[in-house]
Amino acid sequence: MCDCEGAPLPSMQPAVKPVVVVHGGAWAIPVGMSEACANGVKTAAVGAFRVLKRGGTALDAVETAVRALEDDPAFDAGRGSVLNAGGEVELDAVVMDGRTLAAGAVSCVRNIANPVTLARAVMEKTDHVMLTDRGANLFADSVGVATVPSDALVTEHEREEWERHQQYSRGVKSLFNSRWDHDTVGAVALDCHGDVACATSTGGIRNKMVGRVGDSPIIGCGGYADNRVGAVSCTGHGESIMKVTLASRILFHIEQGRSPSEAVESCLQYMAERVKGGAGSSQ
Amino acid sequence: MLAMLPVLVVHGGAGNVPRQRAELSCAGVREAARAGYALLRSGRSAMDAVVEAVTLLENNPAFNAGCGSVLNEHGGVEMDALVMDGRTLASGAVSAVRRIANPVQLARLVMEKTQHLCLTAEGASKFARAVGVPEVPEETLITDYARKRWQRNLQPGSNPVECQMGKMGTVGAVAVDSEGNVACATSTGGMLNKMEGRVGDTPCVGCGGYADNLLGAVSPTGHGEAIMKVTLSRLILFYMEQGKTAADASDQALAYMWERVQGLAGVVVVDPRGGWAARFNSLQMAWAAAQNGQLHYGLGKGEDFTLPLQDQPAAATQNLEQQHAASTHNLEQQHAASTHNLEQQ
């Protein structure tokens, strides 16, 4: 799917078979939740593929997939997000359009049900690539993206987990490495015109410091899309992903002639060796 | 035999520096390079040196970082900064932080005292309070020059993007210490009249800087959105990984950025053996490099002036100042020429 250079072809004769890949986070999924997660990614992928079949763009497809995952409380993005050290939800998201390298991101935004859609609005309606914190919320107001009450994004399960962690206050890293946390969602797609896109969205790490920004909204870390090479969306220990700029690195290896799976394999291996991080990616 | 290590290179922003500010910028980057290099010579780490150099540039009102930052659309100062340590790939960043005199030092504290890499806005302020970094009144970060430019761009029919090119003065530094460790630091007030909460390339690892002992270190400046779209710092290091020199890798990456997203920027780069480069595709970039007892600096295309860096007795300093004056004159002439060129284009 990485060789998609060339002029867009008429959509009546799709020369490129559209494809979408979604992920719902890299972590050791508790038995009780694995079915909900599997169903969630399936539903998201089916919805996004429908968009592609109708001739929709890769950008529309990844947004559709990630919105579905954000709306699904089984995932740590949108509704179902983890709570930070202050007991609040702060969300990060990115989208990138492989045609033009246009990108949009929000970090640490609150009370937004679908951060991926807000990230797309940043890309399409501002001269900027990233808006953060209150500024991102002011922008949401100005373009008519509705805010939702904080409670609407918090599940009962998460509230309980958070309180449990407050009692046994532990470092974020041990939390992640103990694999009791769920994680970031994302999607990559190739449409029938040969265009690629990626989207990633997350509530971050449970008990994170107020204002913590992970890899997700950082271009080249949480995702990257380039028609000449391919598209990547990452999930895992954000700080490790950032240290090796995982998405950029994978695409660079693909550009060097490796297959997507070889590139991912060697980059995850590299990350494990250099910074001892665990992650997954789809491309 | 030349002593290639240690080496430190700083920049004071890419763009089209107004003539009356050219000398201020050049003097500022020279001072920062001297101070950072002095630390390296005394055996301190590359990380110490880049943070020291960037701190001086933040404190200097001639640059768009710390005191002297540009104002956002609401007249406020929101700053971004990043540091990265090439030994471990450890990195720290703050974005859209307010009322902090030296964001680069706060970024270093994020790296050293938290398990995170980036803290933003109010959360970054909260962390600053927790570790005892004082808040300063916003007024102390705002210069008359910044306020004037902000007001001018509020008027109907103004063109902030064009005006932007007058002072894209993000600051940054890269260094290799005597042990061969590399580090980078970048700090900025961002874009003139930016939206509240706008985050540019600076605090994004791989965009606004990257440092890896195996490859080298990069600190860029310029049009942040373009730098992000091509993850410029990472791109330059990928090219160096393939065997290109710092200068060739920089030129290739800047050309690629222009081709793909029509962006203007500049970079300072070092490799672990002490090779360095200061390259830009904008009209100008104030830069200075210190290595082997020599201070190199420039502003316009192709400029590379040198001054001796050895312990400077009073007489030598005087000498330096005369050279200063001469080179300033030179710069101004070149600036006039290049502006003229631009107008013809």
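Cβ atoms are placed via backbone N, Cα and C, with glycine included.
TrEMBL lists B:T170 with the feature active site, nucleophile. Cβ neighbours within 10 Å of B:T170 (active site, nucleophile), excluding its own Cβ and spanning all shown chains: 34. B:T170 (active site, nucleophile) falls outside any helix or strand according to DSSP and counts as coil.
Classification of B:H223 (substrate binding site) by DSSP places it in coil, neither helical nor stranded. Taken from TrEMBL, the feature substrate binding site covers B:R198, B:V199, B:G200, B:D201, B:T221, B:G222, B:H223, B:G224.
Per TrEMBL, the feature region 'Disordered' maps to B:318-345.
Using a cut-off of under 8 A between C-beta atoms, the recorded positions B:T170, B:R198, B:V199, B:T221, B:G222, B:H223 that neighbour chain A are B:R198, B:V199.
Rounded to a whole number, the distance between the Cα atoms of B:T170 (active site, nucleophile) and B:G222 (substrate binding site) is 7 Å. Sequence-distant neighbours of B:R198 (substrate binding site) (same chain, 6+ apart, CB under 8 A from its CB) are B:N72, B:E78, B:A96, B:G190, B:M191. Looking at B:T170 (active site, nucleophile) and B:T221 (substrate binding site), their Cα atoms lie 6 Å from each other.
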